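Annotated in TrEMBL:
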DOMAIN    A:131-423  domain 'NADH:quinone oxidoreductase/Mrp antiporter transmembrane'
TRANSMEM  A:34-54  transmembrane segment
TRANSMEM  A:74-99  transmembrane segment
TRANSMEM  A:111-130  transmembrane segment
TRANSMEM  A:136-155  transmembrane segment
TRANSMEM  A:167-188  transmembrane segment
TRANSMEM  A:208-233  transmembrane segment
TRANSMEM  A:245-269  transmembrane segment
TRANSMEM  A:304-326  transmembrane segment
TRANSMEM  A:332-352  transmembrane segment
TRANSMEM  A:373-391  transmembrane segment
TRANSMEM  A:411-431  transmembrane segment
TRANSMEM  A:452-473  transmembrane segment
Amino acid sequence: MLQLHHLLLLLPLLLPLYGAIFCLFSWNRVNLQMAIACVIQLAMVVASGALLYAVNHEGILVTQLGNWPAPFGITLVADLFSALMVVTASITGAAVVLFSLRGLDLPRQDYGYYPLILMLQMGVAGVCLTGDLFNLFVWFEVLLICCFVMITLGGTKPQLEGAIKYVTINILASGLLLTGIGVVYGITGSLNMAELAMLVRMPSINKSLFLMASTFFIVSLGIKAALFPLFFWLPASYHTPPIAISSFIGGLLTKVGIYAMIRLFTLIFVVEQELILAFFTITAGFTMVIGVLGAAAHYDFRKILSFHIVSQIGYMLMGLAIFTTLSIAGTILFIVHNVFVKTNLFLVSGVVGRLKGSFDLKKLGSQYLQRPFLALLFLISALALAGLPPLSGFWPKFILVKAGLEAEQYTIVGVSLCVSIITLFSMTKIWNEVFWKKQPETDETEPDADRLTKALLYAPIIFLALCILYIGLNAEAAIGLAYRAAEQVLNTDLYINAVLNR
Amino acid sequence: MRTIILATAIRLLIPVFQIFSVYILFRGHNHPGGGFIGGLIGSIGFIFYVMTYGTKHTLKNYFRVHLKNDKVADLHSRARHRFHIARVNSRYRQRVEDEWKWEHRIMRIRPVYIIATGLFLAATSGLIGLFSGNPYMTAIWTGLEIPIVGKPGTTLLFDAGVYLLVFGIVLKITFVMAEE
């Protein structure tokens, strides 16, 4: 009969797919779509939690789709890292869907928002679970096409302007990724990631040619993850759509790019590794600095947060660049923490924007006086982002710095610490302007909101803040999990043996 | 672009395209063909129909189902009442006696529903393999050999899903483009 691990690996993909299908069947009935999306997202959280539990107890889970054996068919693989990503994505997705019940305007909800966000969720889970290089590309396309539509949903002028940049650069990135996959297939004759990992470690591999192939992946995944020279599309487009959309996209998508980078550059592209890692170190430093400086210069709530996404990506790349078990563990924990924190900050900005009708720091004020609870929630996320001790941001940064010092990479450690301080500065700026200073005189009336609306806007933020606090206060368990995930990532034999069934 | 030749021909050609597309769908397992190309061919007829007659007319003629509902419920048996309604509805375009008794309802078949049905079929065809203890998408065959159709199995269900998906998407694109 039904075998549990086949089902567990499929549920994160099938649940959103069926959710989207049922949403399509109930086209024009928004309330029904809302109910479906909420139920599916809750089920996703449970299913991905079960997947994480199973992977944690039984090791890497594998299923061969269509019962075709490994190098020929498409494999789905879940190790601890990918299971953690799926859990993070589903929790974030649940929070965002809950927020969008009231945080998104009705015409947009009516025009296919719920099927899209479910499909996007499926794309994210697909990228995390696939064990096939071409399939990875396909899932990236699933995810990007949903993103394209979601960014343009509603069709206002700034949205279209942002979307043009987003779509153009991402199509370019997809083209490069596909070219890279083609080159890798041409060199090795395989697309299965486990078999590739085995082939590139053979002495017969053509090193210079394979290094050339890996540059395609550096550039294309670098664009998707918004690394230093390639990040400019992100702040230009992420602030344009409504918050419910940009929080999910901004919170999750670049991290999926980083996930793919870590997966591929630990498993497959290990040829001439010193060269690649040195490049990553430099890029990571620049990404951090440029991102945070951009954030310091801006006075729009959402633009500041968008630039911070870029800056935080630098930390994640830094962990990959140092390339020890500890540093990869730091990166993994950083990704999980950052998805929660970034989404939560976007959601807080959404609540402020919804209740005050503006995102401009200069027009906002007095929120601490009017909404002390919201101010507390913002403070938790903002300080977690900056990395203050009891909160979730401190531990991954601490691990990264420790790993950096152990590996004697003092420059990047210094840069990362300075960037942390500037991050704190720009969070303080938001705090000062939005929550602390006196409300400037405006003649605009505030849009009013009833009790249920407020409850539904606050619930996801409280939920995510609890997740942040949980990671911060129960750090030992979180760090232990991340460390074991990093061990699994670096011990590639485990992955290869699990997939190829040797 | 309404010429009398095209307008007359396309009415006759739509069923031809449909039948040919289904043939291509069945042929697809072992020969060139399959759900994707079948769906495209199946929608060609409708594209031409939209070009000659316009979206409104197409929707009215092909994507609306007229249902008749008996306002006076049969108090004795609900099942008999349903059967009665089903029997009346199955008489296509025939006048029924006691016209006043019938309530007319129009059901629209949106392209979105066709897309969703296609996705549902395709996704569910994989589940059959999953619930028989194999990985998802494992093909299960019936072992029958039917002329034209070939050997039906879950892959045929998957292909039919792709057919409907492509068919629905092309229709949706056609309707949107024609309106602009």
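Positions of Cβ are set from backbone N, Cα and C atoms, glycine also.
Automatic, uncurated: that is what TrEMBL annotation is.
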Positions whose Cβ lies under 8 angstroms from the transmembrane segment (A:208-233), at least six residues beyond its ends: 140, 165-166, 168-170, 172-177, 179-180, 183-184, 187, 200, 253-258, 260-261, 264-265, 269, 271-272, 275-276, 279, 283-284, 286-287, 290-291, 309-310, 313-314, 317
Against the transmembrane segment (A:452-473), which of these stretches has the most C-beta pairs under 8 Å: A:74-99, A:304-326, A:332-352? A:332-352
Cβ-Cβ under 8 Å with the transmembrane segment (A:34-54): same-chain residues at least 6 beyond its ends: 4-5, 8-9, 11-12, 15-16, 18-19, 22-23, 26, 61, 78, 80, 83-84, 86-87, 89-91, 93-94, 97-98, 101, 109, 114, 117-118, 121, 125
Hey, which of A:74-99, A:304-326, A:332-352, A:411-431 has the most Cβ-Cβ pairs under 8 Å against the transmembrane segment (A:111-130)? A:74-99
